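Undergrad: My questions will all concern the structure given below.
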Amino acid sequence: PNVRWEYCNLTQCSDAEGTAVAPPNVTPVPSLEAPSEQAPTEQRPGVQECYHGNGQSYRGTYFTTVTGRTCQAWSSMTPHSHSRTPENYPNGGLIRNYCRNPDPVAAPYCYTMDPNVRWEYCNLTQCSDAEGIAVTPLTVTPVPSLEAPSKQAPTEQRPGVQECYHGNGQSYRGTYFTTVTGRTCQAWSSMTPHSHSRTPENYPNGGLIRNYCRNPDPVAAPYCYTMDPNVRWEYCNLTQCSDAEGTAVAPPNVTPVPSLEAPSEQAPTEQRSGVQECYHGNGQSYRGTYFTTVTGRTCQAWSSMKPHSHSRTPENYPNGGLIRNYCRNPDPVAAPYCYTMDPNVRWEYCNLTQCSDAEGTAVAPPNVTPVPSLEAPSEQAPTEQRLGVQECYHSNGQSYRGTYFTTVTGRTCQAWSSMTPHSHSRTPENYPNAGLVKNYCRNPDPVAAPWCYTTDPSVRWEYCNLTRCSDAEGTAVMPPNIIPVPSLEAFLEQEPTEETPGVQECYYHYGQSYRGTYSTTVTGRTCQAWSSMTPHQHSRTPKNYPNAGLTRNYCRNPDAEIRPWCYTMDPSVRWEYCNLTQCLVTESSVLETLTVVPDPSTQASSEEAPTEQSPEVQDCYHGDGQSYRGSFSTTVTGRTCQSWSSMTPHWHQRTTEYYPDGGLTRNYCRNPDAEIRPWCYTMDPSVRWEYCNLTQCPVTESSVLATSMAVSEQAPMEQSPGVQDCYHGDGQSYRGSFSTTVTGRICQSWSSMTPHWHQRTIEYYPNGGLTKNYCRNPDAEIRPWCYTMDPRVRWEYCNLTQCVVMESSVLATPMVVPVPSREVPSEEAPTENSPGVQDCYQGDGQSYRGTFSTTITGRTCQSWLSMTPHRHRRIPLRYPNAGLTRNYCRNRDAEIRPWCYTMDPSVRWEYCNLTQCPVTESSVLTTPTVVPVPSTEAPSEQAPPEKSPVVQDCYHGDGQSYRGTSSTTVTGRNCQSWSSMIPHWHQRTPENYPNAGLTRNYCRNPDSGKHPWCYTTDPCVRWEYCNLTQCSETESGVLETPTVVPVPSMEAHSEAAPTEQTPVVQQCYHGNGQSYRGTFSTTVTGRTCQSWSSMTPHQHKRTPENHPNDDLTMNYCRNPDADTGPWCFTMDPSVRREYCNLTRCSDTEGTVVTPPTVIPVPSLEAPSEQASSSFDCGKPQVEPKKCPGSIVGGCVAHPHSWPWQVSLRTRFGKHFCGGTLISPEWVLTAACCLETFSRPSFYKVILGAHQEVNLESHVQEIEVSRLFLEPIGADIALLKLSRPAIITDKVIPACLPSPNYVITAWTECYITGWGETQGTFGAGLLKEAQLHVIENTVCNHYEFLNGRVKSTELCAGHLAGGTDRCQGDNGGPVVCFDKDKYILRGITSWGPGCACPNKPGVYVRVSSFVTWIEGVMRNN
């Protein structure tokens, strides 16, 4: 739909025989289409006309612009209103929409039919006039126009009509008015969009007419201010005349009127790339007027201190030629430089080249004697070398005595005699023969290449950005003997500890045999020494792995990972794979890595608009095209390539910064990341990228190139649809490089937190193979998946197919036990079946695994992963063995035959168009058992509800006999697999405890602990007890506990887990918690507490020695400084301290509960939390349905599954609002519910009800004794009951949140109530709905709630509508599940309409009022 028509990819025959076929006369039938709309709207390039002079005499019928747009008719005012009409220009030949030049500009033009582009030049060429005759253009006398001169069309020059200027262009008086980037010039007399002082009044001799290019104040070339508000000025797209005859036009004297503009503001501020100067030697003698850096930044004036303060002033350097902002070299460095106008970049070298001095003469630089400067040596500018001025070193660089002082990442070297920012022992005194002068790169202790300490406090040292000399002549410089003075530095501290990227090694197979000296990771981090425990403690030591070659900090693979790796020196990143490539094994040798020399230029030329290739000019590429450096820039469908340096129309990361060796010049086709052939991003906004229209070169013996195998963390890349991987089982073993989802979205890198924050990182899933952005399955999902780069879609399954195994093509379906996830899978596009392909099924079709996807009425099946058009709960995650693949027909819930949901919104589901197979002895298949949970829904709607963490597994005795599949601890952490040593090394393995049932990561009790436990996947928490409760022994008796005989272990007693006595865990605290002596050690956000006696990661003064009476034991929550509640320092280096996840005790009887005495067995491991009693707050005894439907439309809750729900009623028994029980005597509701009557006697509450009208016998009805409204007018109120409610399995309070806690966006929560259901099923019964928290900033957008949501309110719902609070639900609860209980997060307050699209509900944020709530309850 986006491309109406295109020419075919055909070439014209050569007509080599000299004959040409006369085209036939084509007389088209008259068309009613408007002339400008008739298709096609472009002229064929082969039918090309030409014009003479400037085209005023042109009377042809061409009507297409240089960009292929159709011309607007001259008599039409749509889409552009104008004054070039046949009436105003009677002699202009303005017929229909033909190209014309009515007001003499450079060439014929027209207004376009594109509303976004007013006008363009026509795609015509100038006639050659080879015979020497020229047609005199017509005299066109236009009717006077009222259009402003600056508005007069046209406003661009045609690129084919190019003028030139002499010298610096001061004498130029042409009519060109387009810049080098194609922008239109602003009129010199106009102050819009840029205010300036270059006016005809101030520069009377400057020729400042209309918006023509000029050079009023002598700079390098003609320029102008632009009509783009974002770009003040640019040089014009003019070339310098060749002056081949030796004559030059003397520029006129331009005497400007004095200007008040500051020198640093004087325009222009950039040089035109075509006007390039050069310098001799190191540029000290350079006195040119260039003032642009190598990255295109404008120079700061030497006399200015903004934006950078410095000492290179004309006063301090009187002989340095420091005039205006021209490039200079006042203190001899490598080349001319300047300070920049960019506040973030202090200085850079100028974009100048060194003169060739081909004649053998060189200009002697003047002696520059600067005034003494007070600047510190490390501040002296410049701090970088110009890339074009590159030196080299011989051998390992010990003999190097050059003056280079920049590292491979562009950091400046620290002076060898300086101890700031890094203290070291490589000083001139200790290494007198090493040439440690100033901050020049050196190699004092022979390592791989010259290096230096950096001036960046976070990076100690790096190799220098030097290359090794070729030594082509066969001579090598012998490095001098360097005898350093003995150093006190430890052997392991010896620098350097990283390799230069230029010195690249490779490894074979998985790299277990690698014994090289590389010590840098894929992200450039330095490796930690294997014998060191700083910053990461570990067990991969030379002592434990004597044969693994764990020397110094070199990359190794001691434990059969997929490639060499190391621990890093970054405290926040435990380990990474090394930046090594796998050796390419051939018959005789290892292929060398391809050396790619990129274009050293970073000038603006790389930003030029892309061009198209003629079909006749066809390149070819070798191999996969990584070595291709041609200039082709057209895709296989004829689209033009986007420039690699441009982010329009497609944002990407394939830039020269990330791919410096990829040859990413202009918009040329390249293959920077090892695709199957060269490709590029396209200029079509609807097509992100395509392969280029290039062919592979014929392979000959001399044309085979070595393929680059560089491993990097480059930005992810889409896969070609033709390059498809497959995976085995559930894909946990998949290690391919596919990175595209089922909907074509690009995967987010696992190490990235943008656009989606997550915890699937290599730190938490070290064996998950989470490399780059490749599809993986780290947590036992049904197939490989990834987070997406689309901020609107968190994650999706990958576009991979399951591998076909064995000859019979039967897919092995693994037993998948998924980790519980709160993330909703994304949709997968359904497929259709060919009517001729008919399957059959056995029995009732539960065993059917075919690919049929059409119903008996011919409708297409909806994908099981999709919620469109029908929402449902039959997803692969809940039925892992039911074969719910794509949109194939299945029968996983014992229907009479296979069926599916349909793509027809009006038909929810139908049986599939399958027949039953004839029953024979060989055709009977074993039907898998798929047992759904019984439901009150219609059979066709049944779906098993999610397993709620609230209704838990249980164990008998001490849990040694437990063989369940629970794998979550009491704090919600995932268990580590018993056979894994990551992140915690241990000896509780299936081999050592063969009878203990140590399967996968399931909770077990192999060594007679108090109850089942496991090691956790959190590196900061070694082990915890599991979130299990003890079974009631009255129901089924005590199971016999098996005897577990462990294999003798060498583990020390202090390492054995668990070894301490099960602590008594206090779940609540009294007052402000100063008396709390429980063993809870987790904060409100789930972080683990830091030990009070530890100074890592946070240093503090709350130690047992300083606070001897506060019982600062281990890492237990305490309140040593009379804060508002118990707290602790956290193990997260980025979060110093937080309040603990404890609630205040109710103290309803008025007595203070004495904390129990806890006498733990001494242990080095922090204890964990014990499961609490069954009637604790937020823990219903009936499993909630957690229906994803809406209140409007009906989803009846399971009776008593939301036991804190209150029906607030009048004294006559009429329900009018909801409420939440938060303690036996207190109910929380909305203040708006109490507006009618202020007396408490008017209200009563109903507890434990499921039906609104016919109340059950167990319901509790209690009068209200007091009302408390929030004092500042928030929509929240407290009701005190006349007597305490009786807490039963049907009446349980909800838990209050921590004060001021802000719940994260997209958290799943639930609302409940008996409110208005608009006539849908289930009216009068308690209903529930799932909704998501939405950020207030999103809700406050003008298209949603337009700034009406306050910070003390939270927004939740579905922007598409369908789920919301309604009249009658006000005051009711919004609860969210957290770890093992439901927390009250909101009170239903207000919202425009009921379940309306783009109008989510608004709820009172309870955490903002916890202090007020607790104060009222405490004082009343």
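Each Cβ is built from the backbone N, Cα and C atoms, and glycine gets one as well.
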Undergrad: Of the ranges 19-46, 187-214, 299-326, 971-998, which one does Swiss-Prot list as region 'Disordered'?
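TA: Checking Swiss-Prot against the ranges 19-46, 187-214, 299-326, 971-998, the region 'Disordered' one is 19-46.
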Undergrad: Of the cysteines CYS327, CYS464, CYS469, which is paired with CYS392 in the disulfide recorded by Swiss-Prot?
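TA: Swiss-Prot lists the disulfide between CYS392 and CYS469.
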Undergrad: Going by Swiss-Prot, tell me which one of CYS726, CYS889, CYS900 is disulfide-bonded to CYS803.
TA: CYS726
Undergrad: Identify the region 'Disordered' range according to Swiss-Prot, selecting from 258-277, 598-617.
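TA: Residues 598-617 are the ones Swiss-Prot records as region 'Disordered'.
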Undergrad: Of the listed cysteines CYS620, CYS641, which one does Swiss-Prot record as disulfide-linked to CYS680?
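TA: Between CYS680 and one of CYS620, CYS641, Swiss-Prot records a disulfide, namely with CYS641.
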Undergrad: Which secondary structure state does DSSP assign to CYS1233 (disulfide bond), in the simple three-class scheme?
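TA: In the DSSP reduction, CYS1233 (disulfide bond) maps to helix.
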Undergrad: For CYS900 (disulfide bond), find which of the disulfide-bonded residues CYS327, CYS889, CYS912 come within 10 Å, Cα to Cα.
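TA: Neighbours among disulfide-bonded residues, in sequence order: CYS889, CYS912.
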Undergrad: State the mean pLDDT for the domain 'Peptidase S1' (1191-1418).
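TA: For the domain 'Peptidase S1' (1191-1418), the model's average pLDDT rounds to 85.
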Undergrad: Using Cα coordinates, what distance in whole Å links CYS861 (disulfide bond) and CYS889 (disulfide bond)?
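TA: It is 7 Å, counting Cα to Cα.
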Undergrad: How do the residues of the domain 'Kringle 8' (839-917) split into helix, strand and coil according to DSSP?
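TA: The breakdown for the domain 'Kringle 8' (839-917) reads 0 helix, 17 strand, 62 coil.
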Undergrad: Indicate the candidate from CYS338, CYS900, CYS1309 with the smallest number of other Cβ atoms within 10 Å of its Cβ, considering only these disulfide-bonded residues.
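TA: With the disulfide-bonded residues CYS338, CYS900, CYS1309, fewest surrounding Cβ atoms within 10 Å: CYS1309.
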Undergrad: Sorry to bug you, but what's the C-alpha spacing from CYS1376 (disulfide bond) to CYS726 (disulfide bond), rounded to the closest Å?
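TA: Between the Cα atoms of CYS726 (disulfide bond) and CYS1376 (disulfide bond), the distance comes to 38 Å.
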Undergrad: Return the count of C-beta atoms lying within 10 angstroms of the C-beta of CYS469 (disulfide bond), excluding that atom itself.
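TA: Taking all protein chains shown, CYS469 (disulfide bond) has 16 Cβ neighbours within 10 Å.
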Undergrad: Where among the disulfide-bonded residues CYS803, CYS889, CYS1089, CYS1376 do you find the Cβ with the fewest other Cβ atoms within 10 Å?
TA: CYS803
Undergrad: Write down the Cα-Cα distance for CYS299 (disulfide bond) and CYS1376 (disulfide bond), rounded and given in Å.
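TA: Their Cα atoms are separated by 57 Å.
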Undergrad: Among the disulfide-bonded residues CYS241, CYS697, CYS912, which residue has the largest number of other Cβ atoms within 10 Å of its own Cβ?
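TA: Ranked by Cβ atoms within 10 Å, first place goes to CYS912.
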Undergrad: Counting other Cβ atoms within 10 Å of each Cβ, which of the disulfide-bonded residues CYS620, CYS1128, CYS1233 scores lowest?
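TA: Ranked by other Cβ atoms within 10 Å, the disulfide-bonded residues CYS620, CYS1128, CYS1233 bottom out at CYS620.
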